[in-house]
Amino acid sequence: MGNASDTSAVFASTISKEHDIFMGSIYSIFCVLSLMGNCILLLVAYHKWSTLKPAEFFIINLSISDLGMTLSLFPLAIPSAFSHRWLFGEIVCQLYAMCGVLFGLCSLTNLTALSLVCCLKVCSPNHGNKFSSSHARLLVAGVWCYASVFAVGPLAQWGQYSPEPYGTACCIDWHAPNHKLSALSYIVCLFVFCYALPCTVIFLSYTFILLTVRGSRQAVQQHVSPQTKTTNAHALIVKLSVAVCIGFLVAWTPYAVVAMWAAFGDATRVPPAAFALAAIFAKSSTIYNPMVYLLCKPNFRECLYRDTSMLRQRIYRGSPQSDPKEHFRYTSQRNTDKSVSTRFSNGQQESYGACLHCADNNNATLCHATTPQRTACILTGSNYREVTVSQLSAKPEADLL
């Protein structure tokens, strides 16, 4: 922080003090929300690690890349924004820019790989079912290698890192193509292989998914009632597809447009505030992706609800001021709610308590022997069948992938 380069004009902010304070405040909010969202997502994934499906490894990798961006960029960008200049010198500026490119491209490439896997599983189930966890790990490693090539390039003199036009952060030098051929080739490859190609693949993949869902839904409507057809996996696939596409466009398109404007147009006419606003949108992806998957993945959401319920119970039981009567009332009400929420085909409800008429073991045996058989109707594929309650396994999770 004591380098002579710190005093140079390139590290001074070129936007107003009020805009810098606004950026610092927004980044502070993003940092807190991103830490919470991505840590919760990773915690849920850790608790269900043994049951993770191959495609869910991309969700975990996406959260890791977003968390890496949060930890490497926000702690440096926030104090610099509030100080109205870059505080950490040229070497840290280069590392900051490299981390931003690495984690940003990793997130975009990861979304592209995820869209391909979704398309394979939905549009070609015979091939999609062969996609295993080892394939997912290999593809995740390829995602990091792909992003690393473009992140390390400017450090190897292919392209160039420099302070952002607004002065309080660092990224690719978008002005360099105007006077350096190597920088021009780097930015052309970056635009084609790290924006245009991923965007095309994502749109094509989810277009094929939507077309497949539309075709299969017409066949499903002939067998499934209107009350249940809206809750099938196809509807969830549509929601996740649209959410991912919107998140991709909203987060990264503004920065890509401004960057291409500066690289291939008159860079001096691009206002620094445009870069600052585009950078805010780009960094918002670190909070958007965890929200999408925690809200749209039923098995993740149910696991999170189960974990938070257990945490509340532990906190309540460990509280010295807890009233045993209140705890008994809470437990009884919880069991009653469970009983009411379970309906059976013969009109009876599942009983979660002990038999009130069995005073001893003999009567308990007699009572157990004469208990009427309860059955439940379940949906398998497109057919209903009736099974006994004892044959019911744990509630299957409505998995999207």
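Heads up, residue numbers simply count up from 1 along the chain you see.
Including glycine, each Cβ sits where the backbone N, Cα and C put it.
In TrEMBL, annotation is done automatically, which means it is predicted and not curated.
Here TrEMBL flags 26-46, 58-82, 94-117, 138-156, 183-213, 233-253, 273-296 as transmembrane segment. According to TrEMBL, the domain 'G-protein coupled receptors family 1 profile' annotation covers 37-293. Per TrEMBL, the feature region 'Disordered' maps to 318-344. The compositional bias 'Polar residues' feature in TrEMBL is assigned to 330-344.
For the transmembrane segment (94-117), the residues of the chain that approach it from at least six positions outside its boundaries are 54-55, 58-59, 61-62, 65-66, 68-69, 72-73, 76, 88, 128, 131, 136, 139-140, 142-144, 146-148, 150-152, 154-155, 161-162, 169-172, 194-195, 197-198, 201-202, 205-206, 244, 248, 252, 282, 285, 289, 401, judged by C-beta separation under 8 angstroms. The stretch from 26-46, 58-82, 138-156, 183-213 with the most CB pairs below 8 A to the transmembrane segment (273-296) is 26-46. Note on the transmembrane segment (183-213): residues 105, 108-109, 111-112, 115-116, 118-119, 122-123, 150, 153-154, 158-160, 172-174, 176-177, 234, 237-238, 241-242, 244-245, 248, 252, 256, 259-260, 263 of its chain, located 6 or more positions outside it, place their CB under 8 angstroms from a CB of the stretch.
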